[in-house]
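See structure below.
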Amino acid sequence: MLGFAQLFASRLVKAAAILIAIVVMNFFLVHAAPGDPATVMAGEAGAADEKFVTQLREQFGLDRPLYEQLGTYIGKVVQGDLGFSYRQQRPVWDILAERLPATLVLTLTAFILALAAGVALGTLAAVTVGTWADSAITVVALLAYATPIYWIGLMLSLLFSIQLGWLPAFGYETIGAGYTGLAHVADVAVHLILPVITLALFYMAGYARLTRASMLEVRSLDFVKTAKAKGLTQGRIVTRHVLRNAILPVITVAGIQAGQLVGGSILIETVFAWPGIGRLAFEAVLQRDYQVLLGIFLVTSVMVILFNILTDILYGLVDPRIQVSQ
Amino acid sequence: MSQFDLLRTPTETAAMTTPLLDVRGLSIALPPGADRPLAVDNLTFTLNPDEILCVVGESGSGKSMTAHAMMGLLPAPHVRVSGGSLLFKGKDVLAMPEAEQRSLRGGRIAMVFQEPMTALNPLMRVGRQIGESLREHTDLPAPARRARVGELLAQVGLPNPAELAEAYPFRLSGGQRQRVMIAMALACQPDILIADEPTTALDVTTQKQILDLIRSIQAERHMGMMFITHDFGVVAEIAHRVAVMRHGKLVEYGAASDVLNRPQHPYTRQLIASVPHYIEHRDDHAKTGAPLLVADKVRKVFNVGGGLFKKSKPVVAGDDLSLTIHPGETVGLVGESGSGKSTLGRSIVGLIKPDSGRILFEGTDLLALDRKGFRPYRRTVQMVFQDPYASLNPRHRVGDIVAQGPVAFGEDHGRALARARELLAMVGLDGSAADRFPHEFSGGQRQRIGIARALAMEPKLLVADEPVSALDVSVQGQVLDLLDDIRRRLNLAMLFITHDLRVAAQVCDTIAVMRRGRIVEMGTARDVFTHPRDAYTRSLLDAIPGKAWHIPDDLQKIPAGAH
């Protein structure tokens, strides 16, 4: 297992380097946009003169040269301090910590559901290739992939919340109900259903198509012929020989998408009024809340890197040839 | 079986029992639009216990299809059995329900495939892959299955069975993988073993080991064996009976000694006549003038693997490689896969830059030249590649493929095209060939195009890297004759790289034998074949299948290049 530990260590070192580069780039990217928090705050305050804006800038350190601001920022980040949001008058880390769980619950549930359903449907389509079941799955996948995600969200909410009244239309929990313990979990779960399904449908479609294509390719390989010649049952051939090999490209794509899920749920969070990171990012952009925006960028970058490492490890576990070529 | 029976020859014993396998009027239909309606047409033969039946034919003859039909491996629904029956111990396999067929597959009838590199699941430990058969067809508990897997691996001659069972296929060599395949096929002690070209993808010494193994296991267990091959040398080595197939039809069927020594059908006679035989070495080549090419102590090391925290591993592909080629001489570079023969060939053509040593072409050291200085030599040294299917650009017309080289060197396009047509005619293709695309040609025709392409540059030296190993034996003969004819007409020098000693014997004046990156022996074809000095050369010669078989005199052709 030495090779495994070595692989992991080398990935961590690379990840740290990448992370620093990301922090620097994010910083400049944010400052490249015109306007700063001082002008926005001054604008919101109504009658503001030049002096007030300058005073705000001095207060927040925005009048310092850019490289000095960068130095301060990196120094703080390395110490685990993401800064202070002057807009909300709270530390950035507190704001993120408040929003992160909601987003993670939403996206991870959707991701796992999408992966499971996508691989299952793709496998079913590949096994029944050319029949009505295959065509039906292909059509459904294509529709789910092509339809705008917010539209599906709106339609689902229209049907299940407004017409049928089965599920809550928006929010993270029933406001003011004050549930605790299991009742709270159940409450969140009910609120979770619609946004999760909406988000999962889109990703599921991709995984289903990918799994189907990959299975059909693997199915024609020689070792599948060997498995048939051994007299194995169809089910065993599909699960043990075809699927196991066909899943590799799905893992690659899923790994890339898993990292993006945190930032990629802005639309869903907006449609379902979900108090997550996505909406926080959106608001932060509108308010020029640099510190919060940089914090979100950092958190999502860490997620991407984390999921990439996880994917690599998973790959090494599924495919024994990977570790050797490393 | 009684003591008395054991003394009889297999065929005599067979006459008294029901055949293991009785194929009656089997026809397999191809989908509409294929080059012929039936892949297999009204095929009838029997296979007895304790007998090796060799099914011989060229690619597309339907020999593999027959085996696949037996194993239920035909690509349904496009290809299906359209008539006849396959009786296993008197019961029609094709009429059985799927579950019963499945219990035969891998249980009573097992199969070994051609490509050991791809026939094993890359993500599953080999022990488990063998154990799967046992799990399906027996009710042995897991520990007993593991023990049996170990026994099987030991039986097929693999060292450290316990350790090997835990290995993944990519850790094993081609020969080892084929042994694993055989162990897998033997797992449930089948009555019939079907082997579909099991040694074709292997080196000659490995081939000999695998053939010996297959033969001894077959004799030990009295299995009926259907051995599919295109190689009459292999047939001579192991067959009791032979069935020759062509275009889906059985053209000749009989005892091995009859078919090999007294072939009746013209097609069988043609096939046997095109078998290269190592006795046919050429007369010595009279070396004249200064050498055209001298390779002097060429060394090439490849660095494999490596990364941020890991040092790469050096692999010596060629070391201290020295040889000379005179004008008009054909030098054969012979060796097994991984011996470094292609590395030397590619170094001479300039596709690889050796680490040290000199390659002198007419006195100029090619390795000392820069890109620009080397360019004229790209013309004079040309290469013919191994795979005629992959080495021609499928989007270009054949005429353009041939004319491209001269055009790149400043030749007028029209003139180059006219010359291309001449060359295509010279390699035996008709005039319309220039306007067609590569996929419209067969493998042999494509290799002719590849040769025409090389000749268009008017080279002085041709490096042919396994030019015939992807071709059927009768086509192989034609391409070799063509190469020899051209060589003589244009007084070309040739470096002929091959793993097949029989082919080398047919076309080469001088032979260099390579092993593990070194030339172990070099001499005239006559010396190397009749008085091999190196032990490795001897083992290579010894491993040629069917060397005990003497091709019938009336079918021996005059050795190519004999004056």
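Using the three backbone atoms N, Cα and C, a Cβ is placed for every residue, glycine included.
No curator has checked TrEMBL annotations; they are predicted automatically.
The model shown is predicted, which means the values in this text are computed figures rather than measured ones.
Record features, source TrEMBL:
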type: DOMAIN; residues: A:100-315; note: domain 'ABC transmembrane type-1'
type: TRANSMEM; residues: A:12-33; note: transmembrane segment
type: TRANSMEM; residues: A:104-127; note: transmembrane segment
type: TRANSMEM; residues: A:139-162; note: transmembrane segment
type: TRANSMEM; residues: A:182-205; note: transmembrane segment
type: TRANSMEM; residues: A:246-272; note: transmembrane segment
type: TRANSMEM; residues: A:292-318; note: transmembrane segment
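Under 8 Å from some Cβ of the transmembrane segment (A:292-318) lie the Cβ atoms of residues 4, 7-8, 11-12, 15, 18-19, 22-23, 26-27, 30, 73, 77, 82-83, 85, 87-88, 92-93, 95-96, 100, 244, 247-248, 251-252, 254-256, 258-263, 277, 280-281, 284-285, 326, all in the same chain and six or more residues away from its ends. Remote same-chain residues near the transmembrane segment (A:246-272) are listed as 103-104, 106-108, 110-111, 115, 118-119, 122, 126, 149-150, 153-154, 157, 169-171, 194-195, 198-199, 203, 206-207, 210-211, 214-215, 217-218, 278-279, 281-282, 296, 299-300, 303-308, 310-312, 314-315, 318-319 (criterion: CB distance under 8 Å, separation of at least six residues from the stretch ends). Note on the transmembrane segment (A:139-162): residues 121, 168-170, 194-195, 197-199, 201-202, 204-206, 208-209, 267-268, 270-272 of its chain, located 6 or more positions outside it, place their CB under 8 angstroms from a CB of the stretch. Same-chain residues lying 6 or more positions outside the transmembrane segment (A:104-127) and placing a CB less than 8 Å from one of its CB atoms are 133-134, 137-138, 140-141, 188, 192, 195-197, 199-212, 214-216, 219, 234, 238, 242-243, 246-247, 250, 254, 257-258, 261-262, 264-265, 268-269, 274, 276.
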